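Among the features that TrEMBL reports, domain 'Tetrahydrofolate dehydrogenase/cyclohydrolase catalytic' is placed at A:12-126. Here TrEMBL flags A:145-286 as domain 'Tetrahydrofolate dehydrogenase/cyclohydrolase NAD(P)-binding'. Per TrEMBL, the feature NADP(+) binding site maps to A:Gly171, A:His172, A:Ser173, A:Val237.
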2 protein chains.
Amino acid sequence: MQNDEIMDPRIIDGRGIADKIEDQVKREVEKLKEKGIQPTIATLLVGEHPPSKLYVKLKEWACKRAGIRSEVHKYSEDVALEEIINLIDELNNRVEINGILVELPLPEHIDEHEVMSAIKPSKDVDGFHPLNMGSMLIGKERFVPCTSEGIIRALEEYHIEVLGKNVVVVGHSNVVGKPTSIMLLNRNATVETCHVYTQNLKEHTLRADILIVATGVKGLITKDMVKKGVIIFDVGVTWVGEKVYGDVDFDSVIEKVKLISPVPGGVGPMTIAILMEHTIEAAKLQHNLR
Amino acid sequence: MQNDEIMDPRIIDGRGIADKIEDQVKREVEKLKEKGIQPTIATLLVGEHPPSKLYVKLKEWACKRAGIRSEVHKYSEDVALEEIINLIDELNNRVEINGILVELPLPEHIDEHEVMSAIKPSKDVDGFHPLNMGSMLIGKERFVPCTSEGIIRALEEYHIEVLGKNVVVVGHSNVVGKPTSIMLLNRNATVETCHVYTQNLKEHTLRADILIVATGVKGLITKDMVKKGVIIFDVGVTWVGEKVYGDVDFDSVIEKVKLISPVPGGVGPMTIAILMEHTIEAAKLQHNLR
């Protein structure tokens, strides 16, 4: 990301929004520490998946900046489900742990649903526990997935009204596509969710006032697929060597957008900042401070 | 419903599908009774809302047909939340109760979310507990809302492939619109959810291969709003005197449809039949019979 790109008013300043959230978190951490509470997040990392290791590192750095204590529990690829569940039980019971985070994806032989369901909902800062997902679905948002909340926060930050807008979400994953669709529906946008089985994707994306893309297919969205004045959130992450690319062909699409989140520097930093915020919320909840 | 209308191959025979499900339920009930288990559903009815009283009656009749024992707990409009929660606790603990049903809507002063959350998820035959809603959202469907499951069942019964189809759901209630959207998304349809804030509804409904309408606005969907060959599920219920109307202007729209569910005789009977089926599933689960 070049500095002159950040200055382009069409480019959503994900880093700037994240910094604002993190500053607030830092102040809250100080207040908690004055009360003798050291906010703490525990992360579970399984295997040697390089992006997962990087994301865990990025979260550790964010914790450090905010004054949150972080402990990372590393397991080899062949860990048994039972061992993971045992650790989660232990973390559930340790009062000094406020948030529990399982870095996804997990190896094939581990049932993700079972792992997520084992986390105490009040420590589920990632928002993936089915109870938290279900509360979100019925409009009682508690801990919600961080990327989706980051997108909502950015829309607020840029004063974009979503009520009645045509939102198209490309991707129907449990981690991004579905929760983002639901959170926008909760805010009375008209929401269409597309994915790999959608026929003639372009026909759908062309109708979007707000387009959210989370497929992991590099450059999927091209200039001809969006209308003039669209607002785009690019949640895609594809690594090519040391470089990371989004799902949107940024250089051509930018000509048509009102706003677009870049990759990197868009939803990534916001996601991590929201995670920090959730950890503080969890700590407050657990100590009856709100 | 006239008999000659039922014979029209474009009209979804909701009663017929329900009868098929109920026949299967009846056989399962007999098997359970041979094992000394009397499947039982407990219903909570608050106030004097006439449609609610009717629906409870319809469910009691269905229980009777299927051999399921039904107990109905009636409360006056001004009941306290605490009293309802106490009853639910009691029903949760009584081993002979397999399913617990709270007839909606509840009076304004009662927090529906709190009531639903109090039901033991394994007895939540209506599928509205946030844990069951969340499991559905992440694609692990357990108890799901009965109307949504009825629609899925009818699509299967008529051999309608939904993968890649354009589905438009009008209405984003927790009871029908949202769960139906999610269940069709889980089956890889492209799903758009519209509602009262949608701009130019007709533009959206015209694109539907499958249209599901659950708004409670009598005759909202007119002939000019659908494309030729559409499949429609009309979940609307508006009472005018003793007569009930759907959300679709049936008499004009029928000319353009491939299939349509009528009101009455469409999704209503299917919803109740699925509820009976869920009660049997709950009984089996609770007795480790599956």
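Quick reminder: no glycine exception, Cβ is built from N, Cα and C everywhere.
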Average model confidence [pLDDT] within the domain 'Tetrahydrofolate dehydrogenase/cyclohydrolase NAD(P)-binding' (A:145-286): 98
Counts of helix, strand and coil residues, the domain 'Tetrahydrofolate dehydrogenase/cyclohydrolase catalytic' (A:12-126), according to DSSP: 61 helix, 18 strand, 36 coil
Cβ neighbour count within 10 Å of A:Val237 (NADP(+) binding site): 18
Near chain B - the binding-site residues A:Gly171, A:His172, A:Ser173, A:Val237, filtered by Cβ distance under 8 Å: A:His172
Under 8 Å by Cβ from A:His172 (NADP(+) binding site), same chain, sequence gap 6 or more: A:Lys178, A:Ser181, A:Thr193, A:Cys194, A:His195
Site extent for NADP(+), whole Å (max Cα pair distance, A:Gly171, A:His172, A:Ser173, A:Val237): 15
Neighbour tally for A:Ser173 (NADP(+) binding site), based on other Cβ positions within 10 Å of its Cβ: 17
Set of same-chain residues at least 6 away whose C-beta sits under 8 angstroms from A:Gly171 (NADP(+) binding site): A:Gly177, A:Cys194, A:His195, A:Ile212, A:Val213, A:Ala214, A:Thr215, A:Gly216, A:Val235
Helix-strand-coil residue split for the domain 'Tetrahydrofolate dehydrogenase/cyclohydrolase NAD(P)-binding' (A:145-286), DSSP-based: 57 helix, 31 strand, 54 coil
